[in-house]
Amino acid sequence: MTTELNQGEQFVADFRANAAALTTANAYNPEDEHDACGVGFIAAIDGKPRRSVVEKGIEALKAVWHRGAVDADGKTGDGAGIHVAVPQKFFKDHVKVIGHRAPDNKLAVGQVFLPRISLDAQEACRCIVETEILAFGYYIYGWRQVPINVDIIGEKANATRPEIEQIIVGNNKGVSDEQFELDLYIIRRRIEKAVKGEQINDFYICSLSARSIIYKGMFLAEQLTTFYPDLLDERFESDFAIYHQRYSTNTFPTWPLAQPFRMLAHNGEINTVKGNVNWMKAHETRMEHPAFGTHMQDLKPVIGVGLSDSGSLDTVFEVMVRAGRTAPMVKMMLVPQALTSSQTTPDNHKALIQYCNSVMEPWDGPAALAMTDGRWVVGGMDRNGLRPMRYTITTDGLIIGGSETGMVKIDETQVIEKGRLGPGEMIAVDLQSGKLYRDRELKDHLATLKPWDKWVQNTTHLDELVKTASLKGEPSDMDKAELRRRQQAFGLTMEDMELILHPMVEDGKEAIGSMGDDSPIAVLSDKYRGLHHFFRQNFSQVTNPPIDSLRERRVMSLKTRLGNLGNILDEDETQTRLLQLESPVLTTAEFRAMRDYMGDTAAEIDATFPVDGGPEALRDALRRIRQETEDAVRGGATHVILTDEAMGPARAAIPAILATGAVHTHLIRSNLRTFTSLNVRTAEGLDTHYFAVLIGVGATTVNAYLAQEAIAERHRRGLFGSMPLEKGMANYKKAIDDGLLKIMSKMGISVISSYRGGGNFEAIGLSRALVAEHFPAMVSRISGIGLNGIQKKVLEQHATAYNEEVVALPVGGFYRFRKSGDRHGWEGGVIHTLQQAVTNDSYTTFKKYSEQVNKRPPMQLRDLLELRSTKAPVPVDEVESITAIRKRFITPGMSMGALSPEAHGTLNVAMNRIGAKSDSGEGGEDPARFRPDKNGDNWNSAIKQVASGRFGVTAEYLNQCRELEIKVAQGAKPGEGGQLPGFKVTEMIARLRHSTPGVMLISPPPHHDIYSIEDLAQLIYDLKQINPDAKVTVKLVSRSGIGTIAAGVAKANADIILISGNSGGTGASPQTSIKFAGLPWEMGLSEVHQVLTLNRLRHRVRLRTDGGLKTGRDIVIAAMLGAEEFGIGTASLIAMGCIMVRQCHSNTCPVGVCVQDDKLRQKFVGTPEKVVNLFTFLAEEVREILAGLGFRSLNEVIGRTDLLHQVSRGAEHLDDLDLNPRLAQVDPGENARYCTLQGRNEVPDTLDARIVADARPLFEEGEKMQLAYNARNTQRAIGTRLSSMVTRKFGMFGLQPGHITIRLRGTAGQSLGAFAVQGIKLEVMGDANDYVGKGLSGGTIVVRPTTSSPLETNKNTIIGNTVLYGATAGKLFAAGQAGERFAVRNSGATVVVEGCGSNGCEYMTGGTAVILGRVGDNFAAGMTGGMAYVYDLDDSLPLYINDESVIFQRIEVGHYESQLKHLIEEHVTETQSRFAAEILNDWAREVTKFWQVVPKEMLNRLEVPVHLPKAISAE
C-alpha cells in the first residue's frame, strides 16, 4: 500500500533525491550552505533567576522575525530558539510526579532530537544515551516527552521534525557542579560518536547540562512558545536567556542547524572557517588536558562533519571552556580584538591579545556573538565590528543585548544606559558574583589572570635581524644565462618582466589593467602555464563582506609566527616560544639571515626531480620530499625549508605550490604540522597571486629568489633609473605585501595566520584525485590534468630552457594579444569582422564573425560542448521573433565615468529602441535623460545600478527605471572596490556623483549595508519601498558555492539574479584580479540553476548571465545552462568602435569609447544603429540554432542541459576535463525550469502604507500635514514609500522643507528615512536602528530621547551603524551617539550627532558632519570631500584619525566657526539636547575644543581657506 505524501513530505523526498544525485555528480556540496540571523541575550546582573528574563527573551526573539526567512508556506522558518538556565523547580516537580524523590542538588536535563520515522533507530539511540550516562555512574530519572504543537509549523518542517524528548539525570555522585558539567560534556561526545558509529541519522543533542537547556526548531520566531508550551510555565525561570532567529541560504529544514548552539549563538559568517577547520585538525593531535584525562580521544575530532561555520566555532569554544578557560577568555582567543587597531589599546590588553594570537589562528569574519559557559554571559563583536550589537541596562538590574534596539519594550524612565559594542569589544555578566563587566574592565580582569606580558617576551621578533641584513645589500649571484634559463623553465616572458614586475619595483604597486580576460583558462591554453594559473581566488559576496585593505589596514596583519605551536589547551609560557615576522614575504638577504638564525633547528629539502626519472619521476619526488620532511620533523626540526635551487640541466623543479601542498597536507595527516614552520625558496614566484596560492596551501614564509635576480639584472641595465637596488627590492616586497592583503581582504580575512592553509581557491583543470591528495581544502568541480600531465608540461618547458644554446625570453601575450603569444578571444581579425558587419548591416558578414569565433581551438569551457537534439528541425519562421528575443538582451553596468557620455548614451538609445535594457552602471544618471528627445529617442537607462559607492543614488534616480540592480561583485575584480581617478572626474561626472571635479572618488569593496544575507534582504526591501514598480536584480560573480548564495538571494525576494563570469570587462583592475579571480559563467550559472531548482526557487526568479558572450551559440548554451536573459558588454563596445587597446584606465582611449578627455571623445564613431544591428544579428542567429534543434522558443531550452554533451577535442589534457557536473539535471517537479512569476516578488508593507493613506490631503490638495504614530523595531524603512510617492507627484525638491512631518514614538526599525526627499521630516522620540538616512535625498530626520528619559544624550547610543550611507542631501540631528561607519560615503547631507563608532566619515565626498563627542578608530579614512567638526575634550582625535587623505586643525576662520555654531544651534532646536546647549552656553571656551577635518584634495578648492599652516598631521 502506498501512502500519498503531503506537499512537505514530497518536497523533502524530492530534495533528498535531487541532492544525492547532484552530490554524486560532484555538482553540489551541502557544506556550501550559509546562514545569518538576529541574535541577542538577556541577563539578570545579580545572577538570580527570574521569570521576566525568560519572558523578555521570548519577546526579543519575536521582535527579530524579519531577520530570518520564511518558506513559501508561511509557516516553515529557517530556525529559531532560546537558551536558558535549567528550571530546577520545573524538572524536580516532574521527577516527583513520575514517582521519584527529588534530589537536593541540581538535576541535569538532556534536550534530545531522536529519529522520528524509524522506531528501531529511536530505541537504539535511547539505549546508547542511557548506556553512556550509566557508564559514568550517574542516575537516570527517566525520559520526558516534550509537549509540542505540530499544528503551527509548516509541512516541510513537520516532514523533517525529530522526536523531541528530554532525559533527566541526577548527580547522585555528589560531584561539584563543574565536574558534573565536564562529565556531561564527555558523555555527550561519547554518545555522538557511538550513534555515528551505528550509522544512525537524525539524532542530535541540543543540550545536556545541569546549568542550561536549549529549546529550538524549524519554526518562526513568534511560534516558539506555541510550539514549546513548556516555556509559558511560570516555573521556567532563568538568570539569562540567549536567543537566535536564523536565515539560511537553503530551503531544506534542518532542525539541528537552528541556533543557539551549546555555548553560543552567532550572527554573521566566519570567513576563515576553512583555514580554522584545517588548523584545528593539526592542533587536535596535540590536544591534551588533565580535565579530560583518558577521555581526550572521545572528544576528537573536535569539529565534526557537516557543521556550519557557527557550529564549528561553537565546538571549539566548548572544548576550550571545558579545559578550564572562562567564556570571555575563550572569546578573546578565538575572536580577538585587532592588535593593530588603535594606539589607545592599553599595554596589558596588547599583551593579552599577543598571547591569544600566539596560540590560535583567529576565527575572523562578521560576528555578533552571544555566549555562555553557565557562569558567564557574554556579548562579543568581531575585530571589524561588522554586525550590530546594541544593549540596554535597566534600573531593575537587567541587561538586554542584541542585533537591534527596541526588541523588548522598556519604560524609558527605567533605562540607565543604552550602548553598543564596537569592534572587538565585549560586555559580560558574571552570574556567580553578580557583576557586570564592560569591555575595558573585562579585559583588565582577563589581563590579570596570567603574566601575559612576561610570556609574550618569549617570542623572538626576527624583523630587526632580517631588515639589517637587507640594508647591508641584497645578493645577486646568478649570471644572465642561468637567469634566462630558469625564467624560461618557468614560462616567464618579457611581458611578465615589463608589465607585471616593473611597476611593482618602480612604484611599489601591482600593475593595473583594463577590459576583461579574453585568453583561454589555463587548462585550455596551448602555451605553458605555471601551476598557480590553475587556481582561482575565492572572494566574499552577500553572506559576508570583503574589507578594504587600504583604508582599513589597521585591522589587518601579515604577522607570521614560525616554530613549534604547542598544545592549544595549555596555558603557559611555552606557547609563546616562537619566532615572529611582520610579513611572510622575504627578500633573499632576509631569508638567508633567517636561515642563519635558525641554524640546526632547520632542515632543507630539495624540491627538484630528475628529468630522466621516467613517467613516475614527479610522483616519486613528492613521495621523497614528504618522507624527508617527516623524518626531519620527527628528528626535532622546528623549521623546514623547501627549495628548488638545485634545478639545472639534469633536474627540474617540482612546482613549489605542489611541493608545499603535498608536504603541508602530509604533515597534517601525520599529526606533525604544528611542530614546524614550512618555508619556501622558489624561482617560480613573481606576482601576488602566486604568493597567495603558496601561502594558501600551507607555506609559512616565501622567498622568490629568481624574481629578485631578475630585478637585479634589470637594475644593472639601468631600467629603474637612479633608484638604488635595495629600494627596488623594498618596493617589490611592499607590492607583494599589499597584494596579499588585498587578496585576503577579498575573502574578508584580516589576518594571514587564518588565511594560511585555508585553501581559499578553486582548482580549475586539475584532477580531483590530485586535489584531494595534495590540496584537500579546495574543490575541483571539473577535474582535469593529474601528476603525469603536470610532469609532462614541466619537462617540456624545462627542455626549452636547457636544451638550447642561447635562451632569449619570449615576448609573451598572456595579458595583451601578441602573434606569438596566447590566443585571445578578441583578436584583431575578429574585431574587424564584427565592426564591418554592424557598420554595413550585413548578417552575412556577421556569420563570418560567428564562424571565426566558433571554429577556433577551445578557449572557454563552452567550447568543449556540442548541441544535440533528437527533434526534427523546424522552419525559422516558426521560431519566436527577433523582437521577442532581443528583449532578453542587456548591456551590462558600465558607468558614465568608465564610458564617455557619448558611448553611454548610445547604448541606452539603442537598447530602448528594441525594448531591451541598458544598465546605468555605478555613478548616477543625468536627470536630463529621464525624458525622451523630441525625436522620441530615450537616453535613459532602463536598469539603475546600486553599487557600493552609491554615487548619484537618489530617490529620483531610483524611480526612473524598470529595474534596480544591486552590484554585489564585478566579474573582473570580485571582492574589490574601485576608484575613479581625479582626472576622470569632470564637471559633469562630479555633478552626477554629487562630488567635486578633479577629486578622486572611491567605491568601497563591500556595500556597507550588506554584511550578511539578511542585510541584503533589507536593501531589497528598501529598494522595493522607494520604487514600488521596479524589479530588483542582484549581481553576483561566478564561484564555487554560488548556488547556495543565489538561493539565499532568491529567499530575500530578489526578482533577477545575474551571474557574471570572470572574463567580463572593467575600466580598471589589478592584473592579477582580472586574470585569477572568479570562475567562468558556465560553472556558476549551471550551479545556480541546479541549486535553485533543488530548493524549488527557480520558478520565482529570472536568471541572467554575462561575461564574454559573443555569438548566438554562446546564448543558446547559456540558456541550456539555465539563463533567461543575456548581458552583452564587450561586444557592444566593439560594435561602437572599441579596438581593445586596453587603455581604459589611463583616459587615453583612441576611439572615444572609454574616455573623458574632450578631444578624444570627438573620435567616437558609434551609433545606436550599429548596436541595434549587433543585437538583431545575435537574435537571428539564436533563431536559426533553435530551428535547427527543433525548438520554437528559448523558453523550451532553458535548463535543458540534456541538449548539451562534452566532446573530445583530440587533446589529452582537454579530455581529462569532466563537465558532467555542470550538466547534471535536477527534476523541477511541478515547476517550470524558468521564471513563471508575473510581476515581482513583493515585500510586506511597512508603516508607510498607513502613512500614505493618512496623507491623502497632501497628495490631493497639497496640504501641509503632521501625522503621529507609535513605532516598533519591526517597522522598517519608515518614510521610504512616502518619499517615492512625493518624488513621483512633486519631484525630489518640489515641496518646502517640513511640508509633511511624521512624529514617531518608540524605536524605529532599520533604514529609517531611507531615500527621504525634501518636504518630509521624520521625528523620532526614542531611538533607531541601523541605516538611518540611507540615501537621504533632501529630507530631515530628528532622533531624540523621550522627555521622560533620564539618559545623558552624549553618553548613550541613539542610532545604529552605517548612518547616511550614500546620502546626497538633507539633514539629520541625533541627540546621542551613532554606531560604526557613521556618514560612510556621505555625499551631501548635513548631520549633527554626539559621538560615533569606528570608521566614521569613511569615503565621505560631500556634506558636513558635526560630532559632539568622541569618535572611534580610523576616523575619516578615504574621506575626499565634505568637512567634519569633532568636539574633543581630551585631545584624543590624533590617536583615532586616519590622516592619509585629510588634515585636521583647530578652527581658525570665522566663517567656519559660524557654520559650526549655526548647526549646533539647529541641533539644539530640533533635539532639545542639554549637552549641546551647554556647549553653546560657553561657546568662547568650548569652540577651542573642536577640530576641523578637511580632505587634502579639497584644500585648494575651498571658497574660504582654512589657514593650512595651522594644520597638523596625526604623526
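Each Cβ is built from the backbone N, Cα and C atoms, and glycine gets one as well.
Here the structure is a predicted model, which means the values were calculated and not measured.
Residues or ranges marked as active site, for GATase activity by Swiss-Prot: C37. When other Cβ atoms within 10 Å of the Cβ of C37 (active site, for GATase activity) are tallied across all protein chains shown, the result is 31.
Summarising the annotation, Swiss-Prot assigns domain 'Glutamine amidotransferase type-2' to 37-432 and lists sequence analysis as the type of evidence.
Under DSSP, the residues of the region 'Disordered' (916-937) split into helix, strand and coil as follows: 4 helix, 3 strand, 15 coil. Taken from Swiss-Prot, the feature region 'Disordered' applies to 916-937.
If you look up Swiss-Prot, you'll see 926-936 marked as compositional bias 'Basic and acidic residues'.
According to Swiss-Prot, the FMN binding site annotation covers 1085-1142. The number of other CB atoms found within 10 A of the CB of V1141 (FMN binding site), across every protein chain shown, is 15.
What Swiss-Prot lists as [3Fe-4S] cluster binding site is C1138, C1144, C1149, and the listing cites similarity to another entry. Within 10 Å of the C-beta of C1149 ([3Fe-4S] cluster binding site) there are 27 other C-beta atoms, taking all protein chains into account.
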Mean per-residue pLDDT computed across the domain 'Glutamine amidotransferase type-2' (37-432): 94
Cβ-Cβ neighbours of L1133 (FMN binding site) (radius 10 Å): 25
Neighbourhood of C1144 ([3Fe-4S] cluster binding site) by C-beta distance under 8 A, where only residues 6 or more apart in the same chain count: S514, M515, A898, T1066, G1067, A1068, C1154, V1155
Secondary structure at C1149 ([3Fe-4S] cluster binding site), reduced by DSSP to three states: coil
Additional residues around [3Fe-4S] cluster, ordered along the sequence, whose Cβ is within 8 Å of the centroid of C1138, C1144, C1149: S514, M515, L1133, M1140, V1141, R1142, Q1143, V1151, V1153, C1154, V1155
Outside the region 'Disordered' (916-937), six or more residues from its ends: residues with CB under 8 Å to it: 886-899, 904-905, 907-910, 943-945, 947-949, 951-954, 956-957, 960-963, 965, 967, 980, 988-989, 992-994, 1003, 1127, 1168, 1175
Candidate with the highest Cβ count within 10 Å, taken from the binding-site residues L1085, V1101, L1109, I1117, C1138: L1085
Cα-to-Cα gap, L1085 (FMN binding site) vs C1149 ([3Fe-4S] cluster binding site), nearest whole Å: 32
Alpha-carbon spacing, C1149 ([3Fe-4S] cluster binding site) to E1125 (FMN binding site), which is rounded to whole Å: 30
For C37 (active site, for GATase activity): DSSP state (helix, strand, coil): strand
Neighbour tally for T1093 (FMN binding site), based on other Cβ positions within 10 Å of its Cβ: 24
Euclidean distance between Cα atoms of V1101 (FMN binding site) and C37 (active site, for GATase activity), Å: 23
L1085 (FMN binding site): secondary structure state under DSSP, collapsed to three categories: helix
